[in-house]
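Quick look at what TrEMBL annotates:
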type	residues	note
SIGNAL	1-27	signal peptide
DOMAIN	51-178	domain 'LRAT'
ACT_SITE	Cys162	active site, acyl-thioester intermediate
TRANSMEM	196-229	transmembrane segment
Amino acid sequence: MKNPVPQAASLLLEKLMLLVHIRPLPAGSGAETPPPAPGYYDTSCFKRGDLLEVPRTLFIHFGIYLGENRVAHLMPDILPSITADRRQIQQVVTNKRLILGVIARTASVRVDTVEDFAYGGSILVNHMDRLFEDQVLSSEEAARRAEKLVGATAYSLLWNNCEHFVTYCRYGAPVSFQTDKFCETVKMIIRDQRSVLASVLVGLASIVCLGVAPSTTLPTIFIPFFLWMAG
């Protein structure tokens with residue numbers, strides 16, 4: 001029987017890490033934080049097809065620059081699955097839309113201004129190129145790939161996120177180093193005999209976040225716990 005802890009940890013991460021894209025609200029306010037004014041970023045140094053990175057609290061958000069102050073990026077969003085009204089969909093994604101999109105596993109590759117994409121964060125340009133060496137596609141090919149993917153799509157924080165989108169567009173293969181790093185961390189925890197308690201806590205947390213756990217998961221979570229206590 002496969003150890004369900006990695007799967008439980010992955011699901012738990014998806015529930016907790018939906019905060020990656022959430023924009024903080026002003027203290028004492030129920031309104032969304034307004035985006036920076038147009039012209040906040042100097043786009044003269046960006047070229048069509050550039051890969052843009054915006055470091056955030058937990059992860060990094062990615063996009064492909066299309067030129068003329070436009071960025072294509074993948075964001076979880078519930079709206080494309082319930083309406084075809086492009087005017088509504090194109091409005092800046094609210095926290096509520098984003099959270100519902102994560103839960104429903106729906107998203108869209110959308111085109112926004114640099115200001116809406118970065119939302120006040122610092123921007124790194126083509127920082128990932130050093131990891132792919134000769135795999136970098138032409139700038140025009142990267143931009144065209146991004147434009148072809150604009151529209152509704154499935155979403156998974158671990159398996160189909162904004163990093164998968166940009167690496168496919170610019171390097172030809174959808175990969176996510178953030179996902180790989182997390183999975184390796186989970187494997188290390190499971191392999192380490194001293195981390196049984198940590199694995200138990202991950203399982204318990206997943207039950208709390210997901211509401212229920214498969215019947216095969218419960219024995220796997222608690223048996224190591226009792227063995228750990230007895231040892």
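Using the three backbone atoms N, Cα and C, a Cβ is placed for every residue, glycine included.
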Reported mean pLDDT - the domain 'LRAT' (51-178): 92
Per-state residue totals over the domain 'LRAT' (51-178) - DSSP helix, strand, coil: 52 helix, 36 strand, 40 coil
